[in-house]
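Chemist: Take this structure first; my questions come after.
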Amino acid sequence: MVRIGMGAAVLGVVVLACVLGARADGSDHRYKDGDYVPLYANKVGPFHNPSETYRYYDLPFCAPDHPKDKREALGEVLNGDRLVDAPYELNFKEDRNSKVLCQKTLSKAEVAKLRDAVAKDYYFQMYYDDLPLWGFLGKLDKDKEQGNAKYLLFKHIHFDIMYNGDRVIEINVQTDPNVAVDITEDKEVQVEFSYSVTWKKTDIPFEKRMEKYSKSSSMPQHLEIHWFSIINSCVTVLLLTGFLATILMRVLKNDFIKYSHEDESLEDQEETGWKYIHGDVFRFPQQKSLFAAIVGSGTQLLALAIFIFLLAIVGVFYPYNRGALFTALVVIYALTSGIAGYTATSFYLQLEGTNWVRNLILTGCLFCGPLFLTFCFLNTVAIAYSATAALPFGTIVVIILIWALVTSPLLVLGGIAGKNSNTEFQAPCRTTKYPREIPQLPWYRSTIPQMAMAGFLPFSAIYIELYYIFASIWGHKIYTIYSILFIVFIILIIVTAFVTVALTYFQLAVEDHEWWWRSVLCGGSTGIFIFFYCIYYYHARSDMSGFMQTSFFFGYMTCVCYGFFLMLGTVGFRASLLFVRHIYRSIKCE
């Protein structure tokens with residue numbers, strides 16, 4: 001059943017890759033001279049607040065008589081894209097010299113709205129033949145001597161388009177500050193909007209037209225920084241983990257020798273160290289249902305991350321494949337829910353749990369519940385701001401249907417398969433009836449200091465790469481070096497597992513047998529470090545501001561950090577469980 005569930009997930013991912021890799025509009029992108037080439041206006045918003053975007057025609061721009069919205073996929077809507085017909089006519093290979101788009105008389109209210117947009121560095125985004133283009137609405141011209149500021153609204157746009165044969169290859173937008181209207185004063189303004197088009201031939205093949213957008217992240221100086229961070233992380237991690245491994249292996253070797261000699265000596269000799277608690281180390285933890293739900297959800301999120309990386313490495317998430325990442329996250333999360341159900345239920349029953357149905361419900365709600373509550377709050381904020389981040393009712397219905405018809409049934413099927421697996425917990429030692437008392441330990445061996453030590457090393461291996469990821473998600477930079485990111489992810493998993501194992505051993509060595517929850521908390525503590533980095537990034541490395549942007553940043557990043565906590569906590573526990581089983585199999589336990 002597990003193999004069938006994994007096979008279904010893999011098949012779904014393959015189909016998803018084919019769908020996401022296909023062209024959104026089904027066009028072959030070939031045109032004859034004078035043919036209409038689709039141009040869609042997408043959104044406008046403050047440059048420094050990437051989540052705070054609005055519909056293009058929320059500002060008083062020239063609009064067609066009957067603008068039509070483009071039909072969009074689920075991922076595009078989740079990404080906040082709202083494509084609509086633009087009024088510009090950019091027919092294939094037709095040059096235009098300063099064509100008047102429209103003449104408008106801007107009211108005082110419209111002038112005030114545009115002045116506020118210019119003050120906040122509003123930009124617009126469009127798509128021409130699926131190629132993205134951007135431009136600023138205006139310019140704030142400050143006079144340092146007099147201390148005054150002029151608000152200039154650009155009224156002319158020049159499109160510079162390159163073609164190769166019968167295909168569009170590249171498009172750029174230019175605005176001229178000398179052709180602008182002053183909207184500083186609070187009065188009606190007469191504006192004549194215009195545009196011009198120039199077509200140029202290029203030798204760039206159609207297959208490489210998207211490489212322009214990924215060049216910024218793969219430039220030599222950026223690659224040097226990425227590889228330097230990777231090498232730095234690898235060297236640091238190898239040195240520290242090698243140091244810990246050497247100590248751990250030598251200590252374990254000495255322990256095995258000592259305990260084997262004890263077995264040959266007098267029976268009444270007092271046991272010390274981790275062998276002393278062999279009757280308690282496999283005592284099941286408290287809150288078994290929650291513990292099993294964390295392991296199930298963490299396993300699902302780990303599978304989700306691996307599938308996303310596989311899609312990224314094969315090139316599905318090429319730059320500006322609109323909404324591909326969001327579509328993949330929703331679909332793959334739904335398809336992998338069976339993994340969570342199977343893992344949580346089978347492990348819960350191994351821990352001698354009785355109410356597996358309640359455990360299954362808890363597993364389904366453990367990550368989705370906080371994410372849904374966060375979404376409800378942020379969607380309400382977006383509706384209040386009339387932003388494109390507010391999901392339409394139809395999209396919310398689609399997500400609910402995916403959850404009801406795909407996620408929940410697969411979760412239940414996985415739970416039933418886990419219930420029928422009849423797997424027993426493999427414990428090398430018998431558990432005593434009454435737990436031993438844990439000796440008094442120094443403060444640095446308590447949970448919080450141990451979590452701080454456990455999270456610091458994995459975080460130090462990824463923090464340089466985190467900046468580039470944040471600048472891509474919460475900025476306008478492009479991240480395409482997924483192979484490096486995958487290496488960083490593997491390093492993160494390995495270091496988390498090793499550090500958690502080391503701390504588990506040190507915990508058992510001082511005769512503290514309550515290692516189950518500690519291993520989860522120590523493994524997942526990197527998620528807490530990432531959250532603290534979020535606070536640092538927001539205040540020190542970004543120019544984000546405003547209630548909506550702040551809410552979106554901390555709301556969704558809290559959910560991401562929570563997901564990392566569940567995933568890495570599961571990795572830490574699984575590694576510790578393998579280690580504890582191994583060392584107790586190596587000695588004779590009565």
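For all residues, glycine too, the Cβ spot is worked out from N, Cα and C.
These came from TrEMBL, pasted as-is:
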SIGNAL    1-24  signal peptide
TRANSMEM  225-248  transmembrane segment
TRANSMEM  290-318  transmembrane segment
TRANSMEM  324-349  transmembrane segment
TRANSMEM  361-385  transmembrane segment
TRANSMEM  391-413  transmembrane segment
TRANSMEM  454-475  transmembrane segment
TRANSMEM  481-503  transmembrane segment
TRANSMEM  515-538  transmembrane segment
TRANSMEM  553-580  transmembrane segment
Chemist: Which residues, given as numbers and ranges, are at least 6 beyond the ends of the transmembrane segment (391-413) yet have a Cβ under 8 Å from it?
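Modeler: Contacts with the transmembrane segment (391-413): 1, 5, 74, 77-78, 330-331, 333-335, 337-338, 340-341, 360, 363-364, 368, 379, 382.
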Chemist: Between the transmembrane segment (290-318) and the transmembrane segment (361-385), are there at least three Cβ pairs closer than 8 Å, leaving out pairs fewer than 6 positions apart?
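Modeler: Stretch pair touches.
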Chemist: Should anything in the same chain at least six residues away from the transmembrane segment (515-538) have a Cβ under 8 Å from its Cβ atoms, list it; otherwise answer none.
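Modeler: Residues packing against the transmembrane segment (515-538) from afar: 281, 284-286, 291, 294, 447, 450-456, 458-459, 463, 466-467, 470, 474, 492, 496-497, 499-500, 503-504, 507-508, 544, 550, 553-554, 557-558, 560-573, 575-577, 580.
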Chemist: Where, among 225-248, 324-349, 481-503, 553-580, do we find the most CB pairs under 8 A to the transmembrane segment (454-475)?
Modeler: 481-503
Chemist: Does the transmembrane segment (225-248) reach the transmembrane segment (481-503), going by 3 or more CB pairs under 8 Å (6 or more apart in sequence)?
Modeler: yes
